[in-house]
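Look at Swiss-Prot and you will find Gly39, Glu40, Asn41, Gly42, Ala43, Gly44, Lys45, Ser46 tagged as ATP binding site, backed by sequence analysis. Taken from Swiss-Prot, the feature domain 'ABC transporter 1' applies to 7-245. According to Swiss-Prot, the feature domain 'ABC transporter 2' maps to 249-498.
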Amino acid sequence: MTQSDFFSLDGISKRFGVVQALDNVSIAFRPGEVLALVGENGAGKSTMMRILEGVSGPDTGTVRHGSTPIVFGEPRDSHRAGIRVIHQEPEIVPNLTVAENIFVGELPRLAGVLLDWRKLEEQTDRVLATFGMQQDMRPRQLCGTLGPAQRQMIEIMRAIRAGGRLIAFDEPTSSLTDDEARRLFSVVRRLREKGTSIIYISHRLNEIIDLADRIVVLRDGRLVDDSPAAGASEQTIAKLMVGRNIDDLFTRETWRSGEQLLDVAGLTTDRVNDVSLRVRRGEVLGIAGLMGAGRSELAKAIVGYDRRIAGTIAMNGVPVLPNSPHAAIVAGIGFAPEDRKHEALLLFRSILDNAALCVPDKTSSFGFFNRRKAMEIVSPLAAKMSIKAPNLDEQVSKLSGGNQQKVVLARWLARQPMLLILDEPTRGIDIGAKAEIYRLIDELAASGIGIILISSEMPELIGLADRVLVMAGGRITAELARPDIDEATILKHAMPQSASSPGDYIQ
């Protein structure tokens with residue numbers, strides 16, 4: 001390995017208006033090494049990726065290959081240099097085939113005109129065989145029929161086939177099952193063995209410790225640590241990310257819950273089978289289970305998104321009309337869905353518009369939106385939740401994942417619900433934003449609001465919930481109360497009957 005093999009950033013700075021996104025950052029990306037890039041949302045990770053991709057250039061500083069400065073006028077220049085970024089949401093064309101997506105831009109043609117399908121299929125079969133994907137997809141299969149893990153693999157295969165020498169993975173496991181994530185880790189390790197430089201970005205610190213050779217920490221646009229991964233702990237990484245101790249992520253006491261609030265009896269949908277549950281005021285009820293257990297479907301049935309086949313729902317003893325999200329809102333139920341980008345937010349509207357969405361009765365005058373009234377409601381909520389944005393007119397699509405989630409929560413706080421259902425509320429957000437959301441859950445429960453917390457993160461359920469219901473196959477298989485809420489017990493009841501051991505499903 002020589003200096004000429006390295007990609008590096010040398011004194012990179014980038015400013016957007018008053019925000020210093022990167023401040024004199026220098027990093028070397030070595031062949032055959034997995035470099036984990038961590039930091040809170042807004043630390044500068046995305047800006048660094050945009051510079052490496054050629055989407056935007058640095059204000060000062062240099063991108064180098066070996067000792068040679070390289071300038072990217074557009075993403076194509078970055079690709080030619082051998083740099084590829086595998087985004088959290090894979091960039092594939094759903095109405096094109098697997099083969100066309102893998103070889104996009106370099107499709108073999110007959111006489112320079114007609115697509116040479118025979119040659120394309122042969123080339124694609126070789127690529128699929130190299131990655132052991134022959135059973136997962138076919139060359140002529142439309143990519144719109146593939147799942148998230150398969151679409152991600154297409155991006156990886158495209159990057160390697162095109163000669164990718166530095167490959168960045170941006171939150172690659174955010175939408176993968178445990179088995180799919182393990183498969184991805186194997187691919188990353190194989191790439192490392194072949195001498196590829198890897199940048200791995202993730203908020204899941206356990207993944208970082210497991211995969212990385214070196215960990216680089218960004219905070220407020222500055223590089224604050226660049227150290228070997230050996231010996232690192234989640235606690236030390238988190239402290240470097242946020243600049244303070246966060247040992248007490250879960251500070252919740254077991255609050256004295258009040259009278260019964262929600263009563264669900266015999267609820268049945270296409271994916272939920274005869275579920276009954278109760279939630280009291282001030283109680284945090286956790287819902288645990290593996291992917292496909294029916295947790296999200298249960299939440300959507302309660303709030304009227306999914307069609308109710310049988311069963312009843314009542315708030316404060318008053319029946320809630322079936323299949324009506326509006327009826328659920330009127331009854332005092334708020335819902336923050338797992339897929340906030342597609343199911344909760346108007347991405348190209350402002351923070352103000354999104355946060356005021358559920359209180360039209362308080363933000364309108366004579367049938368028209370009243371900005372002054374909306375500002376009076378939303379401004380204190382944005383301040384309370386520390387939403388990081390220049391102002392409330394900022395487009396939600398420009399916010400980090402943590403701040404987008406805060407906007408969703410602010411919307412429901414404006415509505416002042418009696419019950420709030422949170423489906424994977426901390427998925428894809430950094431450790432600092434997680435701590436803020438945990439504190440908010442504490443405060444809401446202490447104020448008497450009932451919380452249903454659906455989470456795949458065991459520490460959240462163990463640290464926040466008063467009771468945990470475990471689901472498998474659309475049914476509730478166990479109810480656990482403190483002090484009997486622990487990971488082993490949850491996993492035992494979450495396993496389908498066919499599972500031989502927890503290792504078959506959970507890493």
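In case you wondered, yes, glycine gets a Cβ from its N, Cα and C as well.
Mean pLDDT across the domain 'ABC transporter 2' (249-498) comes to 90 in this model.
Counted over every protein chain shown, other Cβ atoms within 10 Å are most numerous around Gly39 among the binding-site residues Gly39, Gly42, Gly44. What surrounds the ATP site, by Cβ distance within 8 Å of the Cβ centroid and not counting Gly39, Glu40, Asn41, Gly42, Ala43, Gly44, Lys45, Ser46, is the set Leu218, Ser400, Asp430 from the same chain.
The C-beta environment of Glu40 (ATP binding site), restricted to residues of the same chain at least 6 apart in sequence and closer than 8 Å, consists of Arg219, Met241, Val242, Gly402, Asp430, Ile431, Gly432, Ala433.
Looking at Asn41, Ser46, the binding-site residues in this record, the fewest other C-beta atoms within 10 angstroms of the C-beta turn up around Ser46.
According to DSSP, Lys45 (ATP binding site) is assigned to a helical segment. Applying an 8 A CB threshold to same-chain residues 6+ apart, the list for Lys45 (ATP binding site) reads Leu37, Val38, Gly39, Ile201, Leu218.
Taking the Cβ of Ala43 (ATP binding site) as centre and 10 Å as the limit, one finds 26 other Cβ atoms among all the protein chains shown.
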